[in-house]
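Engineer: Structure incoming, see below.
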Amino acid sequence: MAQTSSYFMLISCLMFLSQSQGQEAQTELPQARISCPEGTNAYRSYCYYFNEDRETWVDADLYCQNMNSGNLVSVLTQAEGAFVASLIKESGTDDFNVWIGLHDPKKNRRWHWSSGSLVSYKSWGIGAPSSVNPGYCVSLTSSTGFQKWKDVPCEDKFSFVCKFKN
């Protein structure tokens with residue numbers, strides 16, 4: 001009798017295994033849809049805001065800090081860069097430069113994001129950063145479809161993109 005019971009248990013286990021074989025266990029829970037304030041756009045787990053007011057780099061970053069504790073946008077991947085570029089282009093702006101959060105605070109050509117994120121992805125335009133005419137703050141340029149970076153003087157006034165968690 002015990003042998004028959006073991007036989008049925010073995011058959012049951014084999015049937016279960018054959019039914020579940022080839023199915024991957026769900027390891028990630030679906031992400032909740034992020035809700036961003038009106039006038040901003042969501043990408044992954046952040047909200048983005050394009051402001052056409054022209055400010056210096058410092059004033060633009062302060063504006064972003066006062067707006068939901070954000071910063072000028074840190075572009076951490078090529079995909080995020082493409083999203084930011086489309087956000088700027090969709091605005092219909094005629095600006096040639098748009099501030100992002102990359103800067104060289106010690107003027108030693110070591111770049112930092114104002115958000116504190118690590119600089120691992122880079123998208124410098126041709127000839128940038130410049131050694132001939134160095135700037136210590138970074139903008140996206142319209143000539144590259146707002147996808148490439150250029151170092152420019154921090155005192156210049158450009159529109160800008162903020163990035164923040166909601």
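Cβ from N, Cα, C; glycine included.
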Engineer: For the candidates Thr27, Thr56, Thr93, I need the one that Swiss-Prot annotates as O-linked glycosylation site.
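Structural biologist: Per Swiss-Prot, O-linked glycosylation site applies to Thr27.
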Engineer: Can you look up which of Cys137, Cys162 is joined to Cys154 by a disulfide in Swiss-Prot?
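Structural biologist: Candidates were Cys137, Cys162; Swiss-Prot matches Cys154 with Cys137.
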Engineer: I want to verify the bond table. Which candidate from Cys36, Cys64 sits on the other end of the disulfide that Swiss-Prot records for Cys47?
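Structural biologist: Its disulfide partner, as Swiss-Prot records it, is Cys36.
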Engineer: Per DSSP, what is the helix/strand/coil residue tally across the domain 'C-type lectin' (34-164)?
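Structural biologist: The domain 'C-type lectin' (34-164) comes out at 26 helix, 41 strand, 64 coil.
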Engineer: Using the structure shown, find which entry in Cys36, Cys64 (the disulfide-bonded residues) has the sparsest Cβ neighbourhood within 10 Å.
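Structural biologist: Least crowded of the disulfide-bonded residues Cys36, Cys64, by Cβ count within 10 Å, is Cys36.
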Engineer: Give the sequence-ordered list of residues that share a chain with Cys162 (disulfide bond), lie 6 or more positions from it, and have CB atoms under 8 Å from its CB.
Structural biologist: Tyr48, Tyr49, Asn51, Tyr63, Cys64, Met67, Gly70, Asn71, Leu72, Val73
Engineer: Let me know the most crowded of the disulfide-bonded residues, choosing from Cys47, Cys137, Cys154 and counting other Cβ atoms within 10 Å.
Structural biologist: Cys137
